[in-house]
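According to TrEMBL:
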type     : residues  : note
DOMAIN   : A:45-272  : domain 'ABC transmembrane type-2'
TRANSMEM : A:47-70   : transmembrane segment
TRANSMEM : A:76-96   : transmembrane segment
TRANSMEM : A:117-148 : transmembrane segment
TRANSMEM : A:154-177 : transmembrane segment
TRANSMEM : A:189-209 : transmembrane segment
TRANSMEM : A:246-269 : transmembrane segment
Amino acid sequence: MSNITQAEAIEKALSNRVRPKKASALSACLTFSGRMLLRIKYVPEQLFDITMFPIIHLLMFTYLFGGAIAGSTATYLQFVLPGILVMTVVMITMYTGIELNNDIKKGIFDRFRTLPIWNPSVLVGALMVDLVRYLIASTIMLVLGYILGFRAEAGFGGILLGLAILLLFAFSVSWIWTTLSMIMRSEKSLMAASMMILFPVTFVSNVFVAPETMPRWLEAFVGVNPVSFLVRAVRGFMEGTPDYQAVLWVSIISLGLIIIFAPLTMYLYKRK
Amino acid sequence: MEELNQEQWAIDAKGLVKVFGKNRAVDGVDLKVKKGTIYGVLGPNGAGKTTTIRMLTTLLKPDGGSAEVLGYNIIDDANQVRQRISLTGQFASLDEDLSGMENMVMIGRLFGFSRREAKKRGEELLTAFDLFDAAKRQVKNYSGGMRRRLDIAASIIVSPDLLFLDEPTTGLDPRSRNQVWDIIRLLVKAGTTVLLTTQYLDEADELADRIAVIDHGKVIAEGTSGELKASIGSGKLHVRVYDPEVRAHAAQVLEQTIQTKVLLGTDPLVLTAQVSDTKLVSKALLAFEDANINISDFSLGQPSLDEVFLTLTGKPADDQTKEEAAG
């Protein structure tokens, strides 16, 4: 292409001064979701956590503890699957923060911040794709569970209700990690901080054993642990004995997390 | 200049201040940029150029002072400002993992275009910027020059009224640099106001209608490139003699002709002098001939940024990167 025609092409491109209507919040969210999906297309390895975690967790805990805790792995699987499902998805939420912590250092965020868009759409769009990731992880675990002999007594409907409350909680918890990812300067420190929170709240819960078997002080902690409420809610839905008290608590906690951490994340994002 | 009414200013900043810890990165910067012009902000690393741009583009809140961009206050009307400006940052404001076209469509969508319109606009701009063949390649595999062009293309998906270019040619080879310069000239011809920062005097000289020289967060000189050059002398005269024995004599002859102080270089054959009047330089050549002094090199260089700084601040333009890193 000669210089003259290039100059003409540039002039022509510049003479087009169309100013479209501002992108709607939903459209901006979807564009950011599309960006995350494209990144998965180029780096499919980032699906490793959501495919391998569910498989390893389910096999490991079922066959490691099953005989000792419940007498047989088949009985234990029936009890433990909803719990491990919760634990796995809640743990995967951590990667939301790590991805963002990495991403936000890139130059493209300067451009995003100078665009006339609904500011939270950058994060909401990414979290929408994360919901899909959580859903894939859950599906993988449930399919493997069914192969190993797990049966949800409430059937497909119960599973869907269980997944709905699980995803609500996972979405809300993600805002804690987005907040931390704005504060922490390195991926390593963020990982350490997330682990420090996640390990106790997922293990010291009713995921693996019934709380009645624990010392009273520990039972008290497990009783108020939000993860325990979530496990009760998911188990209830899947077993066909919905625990509405737990569902209510999980909903309240989820809303509370969003109300506190979503604005906090945005405040930090704007100042960063 | 002062009698221009408000609507003719693209940028009107007064006393901008930004403090990072103890470092006053920007320490009272005034800028007035006329619409339809190219304005150059010249200074070394860490002088406060990027911080100033980040405040004007609403990325950073100033700790003091105020600024109107295209008539809108950068704090109170940040959204109005954002709708009219575009920023091409010092480090590519692109998603390196996505392809050139995917970047264009994404940014076009965020500006409010439909997917189809964004794609059409992307094709138009990529073609104009000679990037169409690379449209499907990931940006991380682009050369520096291609990245810069894509970055600018992305900035004008919706033609901005005011475009900020933060060191648009730093690290580019001469050919890519010329391409970027041509693009900037065309942008202004099409009616966009451009504010660019640079470390290179020749770039500011080549492009900018007016230049602000900035150091340690302060504007230390402002004017057209002609005005600035006149204030710092036209350049450095470099003379090399054949025989070190005659250097002292040569210095004497030169000093008499050009009427400024002549410095002896560390190389025993070299003489240098800061020249303000180029006419006297040609006389010096004759004076050497008359004095029978043989010289092997006689050249007049453009004043370098270092010399500008030396003259304006009385000290060399030391690299202030460390301070920036601290901020």
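Any Cβ shown, glycine's included, is placed from N, Cα and C.
Just so it is clear, the model here is predicted, and its values are computed rather than measured.
Beyond the transmembrane segment (A:76-96), the same-chain residues lying 6 or more positions past its ends with a Cβ under 8 Å from any Cβ of the stretch are 49-50, 53-54, 57-58, 61-62, 65-67, 69-70, 126-127, 130, 133-134, 137-138, 141-142, 145, 148-151, 162, 166-167, 169-170, 173-174, 177-178, 191, 194-195, 198, 201-203, 205-208, 227, 230-231, 234-235, 238. When each of the listed stretches A:47-70, A:189-209, A:246-269 is scored by C-beta pairs under 8 angstroms to the transmembrane segment (A:117-148), A:47-70 comes out highest. Proximity of distant same-chain residues to the transmembrane segment (A:154-177), defined by a Cβ-Cβ separation under 8 Å and at least 6 residues beyond the stretch ends, is recorded for 82, 85-86, 89-90, 92-94, 96-98, 100, 127, 130-131, 134-135, 138, 142, 190, 194, 197, 226, 230, 233-235, 237-240, 242, 247, 250-251, 253-255, 257-258, 261-262, 264-265.
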